[in-house]
Amino acid sequence: MEDSHKSNTTETASQPGSTVAGPHVSQIVHQVSSLSESEESQDSSDSIGSSQKAHGILARRPSYRKILKDLSSEDTRGRKGEGENPSISAITSMSVPAPIYQTSSGQYIAIAPNGALQLASPSTDGVQALQTLTMTNSSSTQQGTILQYAQTSDGQQILVPSNQVVVQTASGDMQTYQIRTTPSATSLPQTVVMTSPVTLASQTTKTDDPQLRREIRLMKNREAARECRRKKKEYVKCLENRVAVLENQNKTLIEELKTLKDLYSHKSV
């Protein structure tokens with residue numbers, strides 16, 4: 001009984017101390033938690049502020065994607081504008097002057113866009129037009145016109161289409177023959193090609209005239225004799241030079257022989 005009474009008294013004595021110590025500890029814990037929360041909130045506010053500053057700096061600087069997007073959008077807008085307004089782009093037409101050629105005899109030749117040839121000759125009061133040659137095609141499709149130079153025996157140059165042949169007879173007359181070709185589906189584009197000059201010389205007629213053959217033979221003989229005389233003169237000149245060289249060598253040898261004889265006679269004495 002006494003032991004139980006002592007234990008009860010000790011329990012009752014210890015309870016007031018525990019009640020006194022409990023509120024003090026809870027107050028300390030509350031202060032510590034409030035301090036930690038304030039530090040965490042301050043850290044979070046600092047981190048939020050720094051992230052906002054970095055975001056603001058990045059927002060001020062334009063990104064490469066934004067620049068590329070703006071450029072592509074401007075390009076597409078320009079293409080759309082060109083597609084919607086095709087009347088803005090107008091094609092300017094230019095008139096090309098007809099080319100003019102001058103022959104060795106002073107004659108002027110102009111090629112018109114419709115394929116006509118205009119011949120003109122210079123005079124004291126300006127250029128005098130002679131005639132106009134028109135080249136037409138019977139086919140519906142426009143075929144190419146090829147021109148070439150033709151030179152006569154007197155040195156005059158003329159322009160002749162490629163489908164025409166100019167022949168000069170022995171009497172000196174010029175005759176033109178046209179070569180007709182059948183039109184084909186695959187025709188060449190219209191072009192003008194200047195080829196190398198073609199010399200139209202009168203052919204030498206082969207005759208059995210003995211006088212003419214004799215003159216030709218004599219002319220050839222004279223040329224051969226002239227060449228033979230020239231070669232003989234060159235050969236004689238070469239021989240003369242060789243003789244002069246040998247004479248000089250002979251003189252030097254004679255002088256050397258004399259000196260050797262003198263030396264031998266002095267030694268023998």
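Just so you know, glycine gets a Cβ as well, placed from its N, Cα and C.
The stretch that Swiss-Prot tags with region 'Basic motif', taken from the ranges 138-162, 213-237, is 213-237. Note on Swiss-Prot: of 173-194, 239-260, the range annotated with the feature region 'Leucine-zipper' is 239-260. According to DSSP, the domain 'bZIP' (211-269) comprises 58 helix, 0 strand, 1 coil.
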